[in-house]
Amino acid sequence: MLLGIKEYVQFFIIIAVVTSLNYEKLMREYFLLCGPDFFCLPPNVTHRFSIQPELNHTYRNLCPECKCDSACVSRGDCCPDVFFKLPELECVNRTIIKAVSDLKYERNAMYLMVNQCPPGTKKELMDLCEGQHSTEFILLNLPVYDINSNISYRNSFCAECNNVTNHSSWNLDIHCNQFADFNFLSSVKEVIDLANQKKCIFQAYKRNENTLYNMSNCDYVMNNKNLITKCNETSHWTHEDKDIRDACESSFVGLYMSFKNVFCHMCNPAESNDLRDTCNETGLWKPFDEGVRNACKDLPISNATSPYKNVFCYICNRNNYNINQTLDIFTNISETLSMNRTIVQIIKVQVNAINIDYLPEVLKKKHEYSSKLKDTIFRVFSKDMINLKGQIVDLKHLFSRYLELSQTISVCPARQDLLNSSASDSNCICDPFCVFDSTKTLPCCHDSSLELPVRCMQSNDLSIPHAMRHDPTIERHLVIDGCLQHSTNALFNSYCGKRFVNDPFSLLPFSNVRNNVSFHNLYCVLCNLNTSTYVNQMMGDNGGMSDVFSEANNYTSIIQDYIDVSNDYKPWSLIFHCYKYVDYSHYILLSELIQLMQAVGCNITYDDIPATRHCAPHPTACAVDRWRFTNHDIAQACTVGYGLDPWIPKTLMYFKTSNYQFRHFANVYCAHCTYNSTYTVRGFIDECNVTGLWNSVYNDTENRCKTSPFFPYYFPFKNEFCASCNTFLYSISVQSVEGGYGDKRFGVTHIPVPRDMFRIDFEDNYNRRHRVCNVNQVYDIYAGKCRDILCYPGKYLKNSTCHSLFHVTKNLRYSISFGVTSPETITNDTGRDINRASHLAISRKLGLRKMAFHIRKMALYYTDYESIQGFVYIDCFISESVTRVDIERLLVNFISTKSTMNISQNAYDIFPSTNGYFLDPKHNASERNRRSWNNEVSYRQAKVSRLLLCTQIALYNDEYRIISDQNRTYLILSRIDKMLEYDEFESLSNGQIRVCIDTLNSVNYFEKKVSSMEIILSYLNVAGSTLSFVCLLFFLVTYMLFPSLRTAAGKLMMILVFSLLLTLILSSLSFFFVDSALGCTIVGILLHFFWLVVFGSMQVCSFHMYRQFRSSTPPMFHPNVFFISRLCIYIAYVVLLPTAIVLVHIVVSEFQTNNIGYGGNKCFISHPIAKMVSFVLPVVLICISNLYFFISTILVIHYTPSPRSNQDARGEFQVCIRLSTITGVAWLFLIFDSFFPLSAYSFIATAICSFQGLFIFLAFIGNKRILNLYKEFIREKLGQDNSSSPSNTITTANSRLTISKVTKL
């Protein structure tokens, strides 16, 4: 990669290093991270290590590829040893005129170029290069690039001051929304004017380079907020280095994982670990290289190659012939970072294959353990006994208990003689892996499913701490975690279902891509490779039982068997979700990487999981405290029988808990041992045909009705047999709590204004109105009445949620509309294929086999892209018993999402659309397609939409209008003139119109409109508060700037202004915390406290004013100590009194209402009485006292004996106005207004209080004295003579003394 000497001289002839970076130090750190193969220049120019390793091989894939040619700056892929020898480059915006937004230009606006001159350049030339220029100047002086080095400069003046003479100008790209011709304009101003008029973008671009539409490194770094571009974002960089920091934050971009460049990686290390400083600790090093070993030993440490000392120690511990990062499991690793408040790192490990050659290495490490395993004889098959996870159970006993809840049981042929012929059913699949087959047409045999060693594994099963793993939202997968008692290797039998931290083959589950069977780890795959002997025994081919001799250490032949079929098995991938940065780049083994992620607390989940059988977290433990007939066989079958189907009573509803997870039992044995068998139930039906509805006579059913024990799941019948012989289909409505779409409660849309702080009746009215409605009603504020919350027909309301009247039911008929597209052409078979694709998509979505399906309308046509698009309207009839709410959820999900089906080698994309309902009658399907639809059409049809699931209300004729045309039907809400789509409302046969409550809420249907007066008042308040904020901020700056203003009174004013400033900020922020209970409570407490501080400060200022004017001695002659002590008393009063009031309010509210009394829909004091006592009353008392102080002070000023003149009268009036701004007397007007409806008076009162900051500013800042102070301050800053500034003269006249007191205030 080294340049020839001529090219080297030509390329670097212009170099003048002006940076303060320690170049050699940077290159040494880069060398320790990336090795010698990522440099352009020879070592004596770059790092200059005293020890130069002589390597026999080239080592790639250690760092990002970089280039050494002259175009590398333009491409952004220069090697750092070249880049940091160049003049300092910066990202400069290439856009000159932007009169319209255009993404393709905006995403590539920045470009690396030189935009400054070296030190010592003449000022005139430097200004032309670096100055802020007009658009006319920039258009006339486009960037240029050096023909020799290809480096770009901001303009020709920047090139000139950097001694570049052989340069060429950039070109100008123009893009306009409207036609524009710039070729015949006479001035640059005309060009600019026309460009703005025609909505144009002018952007400079480099000749012979595609820089227009490809995002540059500058734009990529600026637009990628999740790229680490600064040092110590990880907070683990303990030894700060200025050179590395400057290199990281420079314009050099060479993306390294999620870092802008390798130097950002160096200064953002992960948590430190023990470094490995010797070669071949892993035993994987290939090829041997003496130079690498010496470099590992002799070169210093790099903190960027953890867990290895430096890159050479990393090289000499891995197989360098293999390009994979992890060598035990072949993977592709990628990461994404989220850089909001904290780092969130997501690392995806795509597992491609296992390194089968590494398996013997792992097994050798287990030799000590495996040598303790003795050769074992495993029983392959037993007719009447099975081993359930280490416990031998009696099958005959289990079968008899099963038959207490079912009339028949399906078992394998070899075990048929364990049952009576009437109870036995051999029409089942005896394959032990049958439970994973989703396409089977027959049920799995009960005994083979029970015997299959499986477990329900969460997808985050590797996460530590374990508390992270018990999340009900996490997917669970059924996996085989044991051997079917036939393995010929005791080692695999022992390791199947277990995990070992140093064994990657025990950590990853596997799936057979042919039959979707999943295994807990590789050892479970190996010990279940051959199940033919077991299956033959189960089928009864040989009868009896046989034994297999299992050797402990003979595994070579089994591994070879796996190699032959390894393409059928796919290991699962991994995702690491970390809340701190983890450096994984130098970990060689996946097992070590998993240990690292567990150690730092990352959440580990499996990803890219093949089609597996999901399982639910059913209760798998018997309720021993309530189970009278304790039996260990049943308890074990309940606990480990994940391979069995969940058990639901076939004929009627049963009692359930409130948790959705437990709506049915894990298996039939859990049903035996979960109910309270000690409870005596009387009055159940224990005979057949009591109802007179049973028209069949089965003696066996009658006998089992009498002999089988009582089960509460069939009450009022004794058991399942008594229920079946009394009706064809018996269903009772039991109070269930299955989930549905709940409704939201609605408040009043209200824009807060200051008068709301003192209003007592607003919240009371709202709450009182709501208390009129019962729990099954919602209050319509607009109409002023309660409206009943309803459910879709067939469902009832409980706890504000809709539940199916019959949890399990059948004969459901639905209508569905959707769209379909395909790139194929229309043929005679297209309609048939779409019919099949639609049927297959819906049946797979619902997981049903017995479903009648009829296309009522279908229209197909060609699009502009010569592909098929059409709309389909179908009837769907479900005849089998299903859980209604689950089916409807799946149907709603189907119409809301896209899916793809392949039929006859054609792909059909199905997408949501309601157009099928409105197809012309000419598109009706032929009658022959309805030959199977005889009785089905008599069932009521339900349109599939969210209304099947949501809570809703009924609209009356005067509340809506329906508009129909040939293509659509809409509903117009008359109250708010909003339009709803066809799938957002339902027309019932009784003439009602139903709409979901959350749909109405989304269009603010229930909310009372804010009046125009309220809106104007809120705008007035916002304007006043904003202007007050600016004025108060300027007041504080002024008083902090001039010490002469910070008298005792001035400091009191600063306290008042500061607290008022904070209160304005909190009042503005309170709107954003309404939806957060905690945030709203905190804001309420702070608002209460600071408003009291504001009024307390006003009271102190008023009292101080009163005291000053009542005093006979001029205040300026008081000792400073007296002022300080008085100021401390004032501050204590201002802070402690509000604190006491807030604390008393919290304690009393907590005692009386069990909450601290803050929050509500305005984030203030929530209880009206508490607001009156703890806020309104103290404020009124303060304002009244301030009014007294103010009037007394005015009287003192007025009656001060002195010769009066017009000027003195005007002065007294100005004094009164100034003093009134700090008393808060104006708030009495607002308090008075809050007890009456909104009126014109409200605007006056609100304006006076909202603009208080402006009034204070005008009273105390807007005068000649402050102006003179600023003039004097500016003169001092400009270095002018200050000796002529006027001095203040103290007069002894009573009238002048009065003005002096006011001035000091």
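Here the Cβ of each residue, glycine as well, is placed from N, Cα and C on the backbone.
Through the fold, the transmembrane segment (1016-1042) approaches residues 751-754, 1050, 1053-1054, 1057-1058, 1060-1061, 1064-1065, 1067-1068, 1238, 1242-1243, 1246-1247, 1249-1254, 1256-1257, 1260-1261, 1266, 1269, 1273 of its own chain, all at least 6 residues removed from its boundaries and within a Cβ separation under 8 Å. Among the features that TrEMBL reports, transmembrane segment is placed at 1016-1042 (among others).
Among the features that TrEMBL reports, domain 'G-protein coupled receptors family 2 profile 2' is placed at 1017-1264.
Here the transmembrane segment (1054-1073) has Cβ contacts under 8 Å with residues 752, 1025, 1028-1029, 1032-1033, 1035-1036, 1039-1040, 1046, 1079-1080, 1082-1084, 1086-1087, 1090-1091, 1093-1094, 1097-1098, 1100-1101, 1130-1131, 1134, 1162-1164, 1222, 1252-1253, 1256 of the same chain, all six or more residues outside its ends. Look at TrEMBL and you will find 1054-1073 (among others) tagged as transmembrane segment.
Beyond its flanks by at least six residues, the transmembrane segment (1085-1106) meets 757, 1048-1049, 1052-1053, 1055-1056, 1059-1060, 1062-1063, 1066-1067, 1070, 1130, 1133-1135, 1137-1139, 1141-1142, 1145-1146, 1156, 1158, 1163-1165, 1174-1175, 1178-1179, 1182-1183, 1185-1186, 1189-1190, 1192-1193, 1219, 1222-1224, 1227, 1305 of its own chain at Cβ-Cβ distances under 8 Å. Look at TrEMBL and you will find 1085-1106 (among others) tagged as transmembrane segment.
Positions annotated as transmembrane segment by TrEMBL: 1127-1148 (among others). The list of residues near the transmembrane segment (1127-1148) in space but at least 6 beyond its ends in sequence, with Cβ under 8 angstroms from a Cβ of it, reads 1048, 1051-1052, 1055, 1059, 1085, 1088-1090, 1092-1093, 1096-1097, 1100, 1104, 1156-1157, 1165, 1170, 1174, 1178.
The transmembrane segment annotation in TrEMBL covers 1175-1199 (among others).
Sequence annotations record features per position, and here TrEMBL assigns transmembrane segment to 1211-1232 (among others).
Residues or ranges marked as transmembrane segment by TrEMBL: 1238-1261 (among others).
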Integer average pLDDT (0 to 100) for the domain 'G-protein coupled receptors family 2 profile 2' (1017-1264): 77
